[in-house]
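In what follows, a single structure is set out as C-alpha cells and then discussed.
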Amino acid sequence: MALEIVQGLIACAISSVFFGSMFVPLKKFDIGDGMLFFPCYSFFEYNKYFNKLLNTIFANFFILGNATAIPIISMIGMGMGILLWGVTNCICGWASSRYGLFGLNKEVPNNVILNYMGLGCVIIGIAHIRFLIFQILFSGIALSLFAGVFYGTTFVPVIYIQQHGYMVSQNGLDYVFSHFSGILVTTSFIFFAYSIFKRNRPFINNRTFLPACITGTLWSIAQLSWFFANDRISQSISFPINSMVPGVCGALWSVFYFREIRGARNMRILSCAICITLAGAILVGLSKAF
C-alpha cells in the first residue's frame with residue numbers, strides 16, 4: 001500500500017512538471033489563432049502501444065478544454081492561464097471522485113480533514129493571483145475557467161467504465177489508446193471545420209510544427225503519468241495535485257524565463273501563492289496515507 005502511494009505521488013510529480021512546461025517550446029513563436037498548432041500537437045499525441053480501443057468519445061472532454069489553450073495563453077500568458085484553469089480543473093476532478101458525481105463511486109480518502117485542508121490551500125494559494133498588478137482580460141479569465149471544467153471531467157467516463165462495466169480492464173493505461181485516438185479524430189474534425197470557415201486560408205507558421213511535436217510529447221508523458229497515478233491513488237488525491245501544481249511550474253517559467261510577471265510586490269504575492277499551493281498538494285497527498 002505504501003509503495004503504491006509513493007509510486008502514485010511520483011507519477012503526479014512527473015505529470016505536474018511536464019504539464020506545467022509543455023507550452024514552453026511554443027511560447028516564443030507566432031502561433032496566430034493556434035488552430036494549426038492544435039492538430040499538430042494532437043497528432044503527436046497519438047500512441048499505438050496501447051491497442052485496446054474501448055471508447056474514444058471521452059477524449060472530447062479534453063479537446064473542448066484544449067481548444068481554448070492557445071487563445072488563453074495569448075490573452076493572459078502561459079503561467080496565469082495554467083494557474084486559472086487549474087482551479088476549475090481541480091474542483092471538478094476532485095468533486096467527481098470524492099462525492100461520486102456522474103455515477104462514479106465515492107472515493108473517500110483515509111484522512112478527510114487533511115484532504116479538505118489540502119484542497120482549501122491549493123484554492124487559496126491560486127486565489128492570491130488576483131492581487132498581482134497587471135492587466136488581465138476578463139475574457140481570458142472566463143475562458144480559462146471554462147477550459148478547467150472540461151479538463152476536470154476528462155477521466156470521468158474512463159473511471160465510470162472501470163467501476164460499472166462488465167469484465168473491463170482496471171488498468172488505466174489500457175484506456176490510453178482510446179483517449180489519444182479520440183483526440184486525433186476530434187482535433188482533425190475541428191481543424192477541417194476551421195479550414196472551411198477560413199475559406200481554405202488558415203493561419204500557417206511552418207516554424208511551429210517542431211515545437212508543437214515537442215509539446216505533444218511532453219503532454220503525452222504527463223497524461224500517461226496521470227493515468228498511472230489514478231491507478232495507484234484515487235482521483236480525489238491526484239486531481240488537486242496534477243491540476244494545481246502545474247500552475248506553479250508554469251508561473252516559474254513566466255517569472256524566470258519569459259518575464260511575464262515582474263516587480264517586487266508581484267514576486268512576493270506569487271511566492272506566497274506558490275508556497276500555499278505546494279503545502280496544499282502535500283496535505284492532499286498525505287490524506288491518502290494517514
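For all residues, glycine too, the Cβ spot is worked out from N, Cα and C.
Remember, it's a predicted structure, so these values are computed and weren't measured experimentally.
If you look up TrEMBL, you'll see 6-26 (among others) marked as transmembrane segment.
Summarising the annotation, TrEMBL assigns transmembrane segment to 57-87 (among others).
Annotation source TrEMBL lists transmembrane segment at 113-133 (among others).
For the transmembrane segment (140-163), same-chain residues at least 6 beyond its ends with a Cβ under 8 Å from one of its own Cβ atoms are 54-55, 57-59, 61-62, 64-66, 68-69, 71-72, 75-76, 80-81, 84-93, 96-97, 101-105, 169-170, 172, 175, 179, 226, 230, 235, 239, 243. Under the heading transmembrane segment, TrEMBL lists 140-163 (among others).
Taken from TrEMBL, the feature transmembrane segment covers 175-197 (among others).
What TrEMBL lists as transmembrane segment is 209-229 (among others).
Remote same-chain partners of the transmembrane segment (241-258), defined as residues 6 or more beyond its termini with a Cβ less than 8 Å from a stretch Cβ, comprise 9, 12-13, 15-17, 19-21, 23-24, 27, 77-84, 86-87, 89-90, 93, 122, 125-126, 148, 151-152, 226, 229, 267, 270, 273-274, 277-278, 280-281, 284-285. According to TrEMBL, the feature transmembrane segment maps to 241-258 (among others).
The transmembrane segment annotation in TrEMBL covers 270-287 (among others).
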Answer yes if the transmembrane segment (6-26) and the transmembrane segment (209-229) have at least three CB pairs under 8 Å among residue pairs 6 or more apart in sequence, and no otherwise.
yes
